[in-house]
Amino acid sequence: MMARLFLIPILLLSLFNPAFFEEIVAAKDQKYTLNNGASIPMVGFGTWQIQGADLIKQVLDDALAAGYRLIDSATLYGNEADIGKALKELLPKHNLSRKDIFITSKLSPADHGEKAYQALESSLKNLDSGYIDLYLIHWPASFALNASDPKNAELRDESWKQLVKGVKNGLTKSIGVSNYNVRHLKELLKNDHGIKPVVNQVEWHPNYHQNELLELCKKENILLQAYSSLGGTGNKNLLENAEIKKIADKLGKSPAQVLLRWSLQQNIAIIPKARSAKYIKQNIDLDFIIPNEDMEILNNFNQAKYIVNPNKKYIWNPDTVA
Ligand SMILES: NC(=O)c1ccc[n+]([C@@H]2O[C@H](COP(=O)([O-])OP(=O)(O)OC[C@H]3O[C@@H](n4cnc5c(N)ncnc54)[C@H](OP(=O)(O)O)[C@@H]3O)[C@@H](O)[C@H]2O)c1
């Protein structure tokens, strides 16, 4: 009888919790099956501007402990070798093996064209991880050309051809793109040399998101992976926005969690970056539901009155690339 009485408050609390009505898979366990059959975690750990062996080891230790299983790196970030080294020590410490984690890296825009294959080999050598899970073309233009130079289209086509060879030779399991707009993506889909991109990693937050790009990705079964979900390093524009804070307070979550959950709730993958253990943990603790009325506010943010510079990108703009 006593045991039953204890159950009543729990049941009442559950009824006020939106999670009671919708099934939530814990963010750390959410996976997506890519168009080539490979499985990718929906929440990953971003590492841009995280450099130096000690810092890398510390943040990856915290990230693996918190449940992250995807690490997002790039040749440009200059941290592939330190990530590779840290994982050699950390995987056994966390009872994990290579197959339990997903490593993304990216082709430097300095390596477009025929050099792309060698660049992929070099990333793999740096990471020393046996294979890379996902290799992305970081940026649709080459650093050797002006963004508006039409030769960029030829170069990225050649890069893709080289990365396709990389998949066939087992260097990377999957390939994708980053910062491709609708035009760049349609061009690649017309001539994909036998392998379709599995992911398009783009800037994506309530103040900058493009429905046309999302629709194209959904139609082609290309996973959209959001970067700079919090507005990017040092930018408090979103994190301190009054409307976002209001939603966060109402839900008993932080603004960062609301920004991340907003993407995840739309089946958009996320790769937040943080240095402190507190933020690292918080950014994968996303097992709550944003009610429809608040999703609506966030969805319309980029046209709305809530923000000083509506529809503003914080990072680089691929629309300038021919
Ligand atoms: N493909 C591309 O072109 C591209 C471009 C940009 C980013 N990316 C990838 O996407 C990842 C994420 O994007 P991002 O690094 O630009 O920025 P972000 O994830 O939007 O934000 C990172 C910033 O937010 C702070 N932060 C993290 N968690 C927080 C929390 N819970 N509360 C308050 N502040 C918090 C971080 O502080 P601390 O760092 O001081 O902890 C840092 O200043 C990158 O690391 C990279 O892997 C890709």
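The backbone N, Cα and C atoms fix where each Cβ goes, glycine too.
Now, the feature entries from TrEMBL:
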- Y77: active site, proton donor (ACT_SITE)
- 43-300: domain 'NADP-dependent oxidoreductase' (DOMAIN)
- 1-21: signal peptide (SIGNAL)
- K106: site 'Lowers pKa of active site Tyr' (SITE)
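Cβ neighbours of the residue listed as 'active site, proton donor' (same chain, under 8 Å, six or more residues apart in sequence): T47, W48, Q49, I50, Q51.
Around K106 (site 'Lowers pKa of active site Tyr'), taking its Cβ as the centre, 27 other Cβ atoms fall within 10 Å, counting all chains.
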